[in-house]
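So that you can see what the record holds, here are the features copied from Swiss-Prot:
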{"type": "MOD_RES", "residues": "Ser2", "note": "N-acetylserine"}
{"type": "MOD_RES", "residues": "Ser23", "note": "phosphoserine"}
{"type": "MOD_RES", "residues": "Tyr35", "note": "phosphotyrosine"}
{"type": "BINDING", "residues": "Cys47, His68, Cys175", "note": "Zn(2+) 1 binding site"}
{"type": "BINDING", "residues": "48-52, 200-205, Asp224, Lys229, Ile270, 293-295, 318-320, Arg370", "note": "NAD(+) binding site"}
{"type": "BINDING", "residues": "Cys98, Cys101, Cys104, Cys112", "note": "Zn(2+) 2 binding site"}
Amino acid sequence: MSTAGKVIKCKAAVLWEVMKPFSIEDVEVAPPKAYEVRIKMVTVGICGTDDHVVSGTMVTPLPVILGHEAAGIVESVGEGVTTVEPGDKVIPLALPQCGKCRICKTPERNYCLKNDVSNPRGTLQDGTSRFTCRGKPIHHFLGVSTFSQYTVVDENAVAKIDAASPMEKVCLIGCGFSTGYGSAVKVAKVTPGSTCAVFGLGGVGLSAVMGCKAAGAARIIAVDINKDKFAKAKELGATECINPQDYKKPIQEVLKEMTDGGVDFSFEVIGRLDTMMASLLCCHEACGTSVIVGVPPDSQNLSINPMLLLTGRTWKGAVYGGFKSKEDIPKLVADFMAKKFSLDALITHVLPFEKINEGFDLLRSGKSIRTILTF
């Protein structure tokens, strides 16, 4: 029986308050309006950005359905939708690509002005929600909200992918893999023979290691306080792994001594102000490029000496690995299908959706790289 045009009742993980577990609730998902798409979720990854909301370091309106790294199948479309149709395999896009704003029209930029990152509204682009629970509207997260059996997104925030692609793997291309990999190959533009340092060896950090290797870096130094992640980092391309807790001097000084004055490229993939500064300081003062990849704590500032940049360093940041989401995500899936890279090493756990809180416990304890939830 077709559900198109009807309200769908399903299960979703609702975050009612920060610092509290998710609650599996019965929610109502309204039909898509014009230029919107309703998706039946199949797989979803647990990303550190979701946990930033739970911990309160990333502020978004509550109550909310989180989740933004996923794959699913189009259930129905609203009036005017032309780029996907019911039955298509898709990846929801936490960073939209409207194709019309000044950023979308700039070839090397991807931070579409329709995003819900800078000043989160917690709604779709028309300013309203499609979720209801206990008679109350529930907020969206980054315009996608994939911790739900069904979700509604704007057409500019969904990409059709290869019908043969395994959704339990390519869902990672919806955030973690593309963010890390792109930070190396597209944002920093790592050069062959260069030296790189990657701070943080979660799913995104390890994807950055993969990007550095793909770009031809000669040395890739992985930095983390969890030594259990070193074997995986070396498997994916790290040439050396170091733990800051093993040294009495600041880690940036250790890295500078190891690399004749500093690395060519550094990546902060944690989201801490102290490691952002260490990442900047460890790159060479005359030619180093440092990329902020981790989401920083809300409303906190860094103070730096401008001389650190005057000598020739470049300090930059990017969302989504610099990729233009709607056009580049299908290309990355095609590359995966062509075996240009593997995602297997990033997936350490697979759990049923109902065990979402267990999945977040694995993340917080450092026992997982990526946990995939299946519906």
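Every residue, even glycine, has its Cβ placed from backbone N, Cα and C.
If you take the Cα of Cys47 (Zn(2+) 1 binding site) and the Cα of Val319 (NAD(+) binding site), they are about 14 angstrom apart, rounded to a whole number. With the residue listed as 'phosphoserine' as the anchor, the candidate binding-site residues are Gly48, Asp51, Cys175, Gly294, and the one with the nearest CA is Asp51. Residues Gly45, Thr49, Asp50, Gly67, Glu69, Ala70, Ala94, Leu142, Gly174, Gly176, Thr179 surround the recorded Zn(2+) 1 site, their Cβ atoms falling within 8 Å of the Cβ centroid of Cys47, His68, Cys175, which are themselves excluded. For the residue listed as 'phosphotyrosine' paired with Lys229 (NAD(+) binding site), the C-alpha to C-alpha distance reads 43 Å. A simple way to gauge crowding: the CB of Lys229 (NAD(+) binding site) has 21 other CB atoms within 10 angstroms, across all the protein chains here. Of the listed modified residues, namely Ser2, Ser23, the sparsest Cβ surroundings within 10 Å are found at Ser2. On a Cα basis, Cys175 (Zn(2+) 1 binding site) lies 12 Å away from Gly294 (NAD(+) binding site). Around Cys47 (Zn(2+) 1 binding site), a 10 Å sphere centred on its CB holds 26 further CB atoms from the protein chains shown. A gap of 38 Å separates the Cα atoms of Val204 (NAD(+) binding site) and Ser2 (N-acetylserine). The two recorded residues the residue listed as 'N-acetylserine' and Asp51 (NAD(+) binding site) have their Cα atoms spaced 35 Å from each other. Rounded to a whole value, the Cα-Cα separation of Leu201 (NAD(+) binding site) and Cys98 (Zn(2+) 2 binding site) is 32 Å.
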